[in-house]
Amino acid sequence: MVSFAAVVCASAITLFPTGSKAASSSSKKIDKSEHFGEPSPQDTQPESGVQNIPGAFRLYRKNELNRIVASLLANGSILVAGEEGSGKTVLAQSVVEKLQDDGFLVADVQPATSKQMLLNIAEQLGVDTYSLEGKAFTADQLKVRIATFLQDNTAFIIVDECHRCDGRFRYWLKQLQKQGVPMLLLATNPPRTDVFLSIPRIELSPLPQYAIREIMETAALERGINLKNSELAKLQERAGGNPMLAIRAIDEEYLGLEMEAADHGRYFDITPLILLAGIGFAVLRFIGMGTNDHALYIFSGIAAAVFLGFSRLLYNLPQESKRIQR
């Protein structure tokens, strides 16, 4: 009996320290993760590259985002100009989320009629749209009430596709801008008039090739199609640095459509170079005439005629229609 009790005690002594070590080690791990905030292996993912997650979002214009937010926080207004599909709407949504996360009041407006846009701004800012008698305010009354609210409160106005707004609404925005209201306007090829002329602008440049490649790879992954590198490179030429055209190229490939031309206009016109070469050969022709060099005179004359005729032929070719539907 004594030997059996000794064995039981010895086994208990050997078991309990092991459990305490495990408990202490687990508690140390928990404390370390809680107090020092070390990320788990699942959270440590590289920022570069495409995440193999359908619908993964990545902002490629962080410099523009930081510049816009800094300008708005300094009570400034800024205009973002770019071609259709260059990512202006995504950039505007990122600015709205950034400002709202910081606790600011933001009115995000989409193109509509003047009355609808004013109602939208008033609702987002918390401005009453009805009088005490229950009568709806007119557009002019809403403009006055919104302007009065913005004089006494800090808020930001963001208008996407501002080039589609009518002239009277843009003139009202110009009055707010003179009043010192910070606003962000986004437009496609904005005219140099009214509010577009008085606000500093940022021109969105085409996205780099690696960004277009990642966007196309993500779009292909969402649609469940596998594309070779050569196929992606061929489709990438049709995007021209435009993210919308990059996604559309993947959609066309997914549907089996064969497109020969792209809708972007980033092409280099070599007609001036051909004209310059023709003029150069014409100059050589006169040099050959002056130096009595018959070979140079004949060769340069023939070459000048060929180059000038080729440039005239290119000029007379039918121009491509700018419409989407031909």
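The backbone N, Cα and C atoms fix where each Cβ goes, glycine too.
Pulled from TrEMBL:
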- 28-37: compositional bias 'Basic and acidic residues' (COMPBIAS)
- 41-50: compositional bias 'Polar residues' (COMPBIAS)
- 74-222: domain 'AAA+ ATPase' (DOMAIN)
- 20-50: region 'Disordered' (REGION)
- 270-288: transmembrane segment (TRANSMEM)
- 295-315: transmembrane segment (TRANSMEM)
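Residue counts for the domain 'AAA+ ATPase' (74-222) under DSSP (helix as H, G, I; strand as E, B; rest coil) come to 75 helix, 24 strand, 50 coil.
Restricting the average to the domain 'AAA+ ATPase' (74-222) gives a pLDDT of 93.
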